[in-house]
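S.K.: Got a structure for you, written out below as structure tokens; questions coming shortly.
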Protein chains: 2
Amino acid sequence: MNIYKNPKRETWSELTKRPVFKKQEIAQTIKEIFAEVEKNGDEALIRYAEKFDSAKIDQLQVTEKEISKAADLISEELKSAIQIAKENITKFHASQVVETEKIETTKGVICWRENRAIEKVGIYIPGGTAPLFSTVLMLAIPAQLAGCQEIILCTPPDKNGNVNPAILYTAQLCGVSKIFKVGGAQAVAAMTFGTETIPNVYKIFGPGNQFVVAAKDFAQEFGIAIDMPAGPSEVLVIADEKAVPEFCAADLLSQAEHGSDSQVIFISTDLKVLNETINEVKKQIKELPRNEFAQKSLNNSHFILLNSIDEALEFSNLYAPEHLILAVENFEKYISQIQNAGSVFLGNYSCESAGDYASGTNHTLPTNGFAKNYSGVSLDSFVKKITFQNLSKEGLQNLGKTIEIMAEAEGLSAHKNAVSIRLK
Amino acid sequence: MNIYKNPKRETWSELTKRPVFKKQEIAQTIKEIFAEVEKNGDEALIRYAEKFDSAKIDQLQVTEKEISKAADLISEELKSAIQIAKENITKFHASQVVETEKIETTKGVICWRENRAIEKVGIYIPGGTAPLFSTVLMLAIPAQLAGCQEIILCTPPDKNGNVNPAILYTAQLCGVSKIFKVGGAQAVAAMTFGTETIPNVYKIFGPGNQFVVAAKDFAQEFGIAIDMPAGPSEVLVIADEKAVPEFCAADLLSQAEHGSDSQVIFISTDLKVLNETINEVKKQIKELPRNEFAQKSLNNSHFILLNSIDEALEFSNLYAPEHLILAVENFEKYISQIQNAGSVFLGNYSCESAGDYASGTNHTLPTNGFAKNYSGVSLDSFVKKITFQNLSKEGLQNLGKTIEIMAEAEGLSAHKNAVSIRLK
């Protein structure tokens, strides 16, 4: 833990820095995996499953039988929790459908936009320490709402060649068309090129380790779109004197437990709240099963005392956190000052885990400062907006001269002629 | 010109292929330019201006005096054309502002999204054979509407160290804060890192040659967002028996004159219209000042006879054209079948140049098949959408159990505890 009391503004830029990735080192590995998958398809994937996941599988696609068996392996309690989360996420993302409005910009010139689903999308769900079925909800629900025709999901098998049943159950519940036992960079390569079994897709979504992240970046070179660039998860909590240190500490730890590279920043305008939160963190961490991750993450965390909420928000906008918790009494008056953040949690009862699971907002959010120039995943992420225009003869008569003059000024005679020939 | 009569479906995939870029060859050059600009700033830019643009300049920023002089160098006729285009583009893009709606997903749980402008954006405008002031309109207008605080523009100087007056005039008219005489990959590098004179930005927009395109891709590695990946410009025209061959030919040529790598595809369901359009193209091309570009582009163009408009649209969706012209009598009934396209022009009087300049739609559009997974530039391109949520105590009581169950199932105890500690 690093503690700063009213740090000078000149130091803020240093305090908002993220750890630097070493991308180059794995670039060659990623290239090789892509080349292998492009050339040898399924055979390469089965080979990689044995090499990287220690799993002997003879079939990449999860069968109907495996999926229906998964439902039996999950408690009714969890099923109903997933159902409630699904309803909330659906409600919020359905509200993002925008009606198309036709605009007559000049008499006889009508312009509008229409949404079209991206036809084929791929979702990557990591294996590893936490079976992220919540991420299946966050990606498959808007994909289905958008109307994507093919929604495939890749996730690594465990040592026995199985996929976590909660992931399977959630995937089938949310309209995923096909599920494949493929993990890592090879999964991204498979969705990029397609194999005998796995269809190629136009856009790839989902979190993953540094190999998956690098593979998604590399996939872009083959014309594949991705949800957003990635980095370790982060939270920045701003607390005034009315904030509850126990709650703040719990929120910081819920971020810290994600992984040792998680970024945690706490800012308070009240020294007592700052100190008590630090003590609470030290107390609560002892109870956590994942306290090894949490401790490593906390070693790099910043606890900062600042003079005012305004100043805290200035710092936050500079940092551009993935998650921003505003544990502040009159949070309404500060909303308009928030410029850069992925998702914002307002007040003492809006814990980050609400948004991680079930409030309805999406938890796939920009990290690593990308909240300055990227939005989180939403319904928009699964559609393209096509512009349409219709000029009547009268419309072209009204606007033709303008187009001709501009085309001529740009030296593009054929552009001008396309108008002139129609007005003749 | 390649002419195909009812080509078999097995051949369509080949017919929709784009020429492949040679990205690798220039990657090293781009890297070097970025390193130079990062290290030496303005000095490097002034050196590159002499090397690449043959321009001796001692000041990178265009002065107030140069800008006000530019207004005198432009005809009143052009000024008023630019004004009309500006009004239409403003009208259409202003209609893209979406009101935020608050959704109560569970009683006491309120979620919504708010737009925030990307604070600093950069626009690149190429020099070269056509002074693209129209692209200034297309990028600066939505940037200003979105509320971007800093809108800078880079464009290469001519041999005398000047910038085209129409570009300067349009830039100041549309709220560009600063204009710099910097072109090519070095301009992209300057906007990525910032120099003594040029501020860094969070997102870079605009067209350019292969160096600019590669530089924009490379800028992403430093956390900069870009408008979209790029390729040569394209049009696909679908014409029925009521289409006018003179108009179709003019549209094809207005695309072909952009450059020798422009992609032109013509599909008709009527052999007479196909043949007459080919003849018209041959006739009209003779009159064009840029006929050398147009001829090269036409050498690679496809003229295709198909059985029906339905079939033509299937082909078009596979190709995913930047511009799609539907010169078809009952175009309304086909709109819903259009899945992949950047911008669509409906009917005999909707020529592409209308959208290129003045109808109101944006002309920065996905090429190279990217219309399958990307939208063109719109107001959305200049904002992030931040999600907000507020849970009341009652809200967390209603949703808390759901969150706890899901967090536990993912093995994330601290996530669960952030709820439990509040419900205690």
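Here, residue 1 is simply the first one shown, and the rest follow in order.
Quick reminder: no glycine exception, Cβ is built from N, Cα and C everywhere.
TrEMBL feature annotations, pasted as is:
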- A:GLU322: active site, proton acceptor (ACT_SITE)
- A:HIS323: active site, proton acceptor (ACT_SITE)
- A:TYR124, A:GLN186, A:ASN209: NAD(+) binding site (BINDING)
- A:SER233, A:GLN255, A:HIS258, A:HIS323, A:ASP356, A:GLU410, A:HIS415: substrate binding site (BINDING)
- A:GLN255, A:HIS258, A:ASP356, A:HIS415: Zn(2+) binding site (BINDING)
S.K.: Specify the nearest of the recorded positions A:TYR124, A:GLN186, A:ASN209, A:GLU322 to A:GLN255 (substrate binding site), where nearness means the distance between Cα atoms.
M.R.: A:GLU322
S.K.: Roughly how many Å separate the Cα of A:GLU322 (active site, proton acceptor) from that of A:SER233 (substrate binding site), to the nearest whole number?
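M.R.: Just about 7 Å between their Cα atoms.
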S.K.: Measuring CB to CB from A:GLN186 (NAD(+) binding site), give everything in the same chain under 8 Å that is also at least six residues away in sequence.
M.R.: A:ILE33, A:GLU36, A:VAL37, A:ALA44, A:LEU45, A:TYR48, A:PHE52
S.K.: Please classify the secondary structure at A:GLN186 (NAD(+) binding site) using three-state DSSP.
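M.R.: DSSP call for A:GLN186 (NAD(+) binding site): helix.
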S.K.: C-alpha of A:HIS415 (substrate binding site) to C-alpha of A:HIS323 (active site, proton acceptor): distance in Å?
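M.R.: Cα-Cα distance, A:HIS415 (substrate binding site) to A:HIS323 (active site, proton acceptor): 48 Å.
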S.K.: Within 10 Å of the Cβ of A:TYR124 (NAD(+) binding site), how many other Cβ atoms can be counted across all chains shown?
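M.R.: I count 27 other Cβ atoms within 10 Å of it.
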S.K.: What is the total of other Cβ atoms whose distance to the Cβ of A:GLN255 (substrate binding site) is within 10 Å?
M.R.: 32
S.K.: Taking Cβ atoms only, which of the recorded positions A:GLN186, A:SER233, A:HIS323, A:GLU410 fall under 8 Å from chain B?
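M.R.: Checking chain B against the recorded positions, the residues within range (Cβ-Cβ under 8 Å) are A:GLU410.
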S.K.: What number of additional C-beta atoms lies within 10 angstroms of the C-beta atom of A:HIS323 (active site, proton acceptor)?
M.R.: 25
S.K.: Among the binding-site residues A:ASN209, A:SER233, which residue has the largest number of other Cβ atoms within 10 Å of its own Cβ?
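M.R.: The most densely surrounded of these binding-site residues is A:SER233.
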S.K.: Given the binding-site residues A:HIS258, A:HIS415, which one is most crowded in terms of C-beta atoms within 10 angstroms?
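M.R.: Of the binding-site residues A:HIS258, A:HIS415, the highest Cβ count within 10 Å belongs to A:HIS415.
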S.K.: Tell me, by DSSP, whether A:HIS323 (active site, proton acceptor) is helix, strand or coil?
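M.R.: Going by the DSSP assignment, A:HIS323 (active site, proton acceptor) falls within a strand, counted as strand.
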S.K.: Just report the maximum Cα pair distance in Å for the recorded substrate binders A:SER233, A:GLN255, A:HIS258, A:HIS323, A:ASP356, A:GLU410, A:HIS415, no decimals.
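M.R.: The substrate-binding residues span at most 56 Å between Cα atoms.
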S.K.: Within 8 Å of the centroid of the Cβ atoms of A:TYR124, A:GLN186, A:ASN209, which other residues of that chain place their own Cβ, given that this set defines the recorded NAD(+) site?
M.R.: A:PRO126, A:CYS154, A:PRO156, A:GLY183, A:GLY184, A:ALA185, A:ALA187, A:VAL188, A:GLY208, A:PHE211, A:VAL212, A:ALA215
S.K.: How big is the Cα-to-Cα gap, in Å, between A:HIS258 (substrate binding site) and A:TYR124 (NAD(+) binding site)?
M.R.: 18
S.K.: Need the DSSP three-state call for A:TYR124 (NAD(+) binding site) to compare against my parser.
M.R.: strand
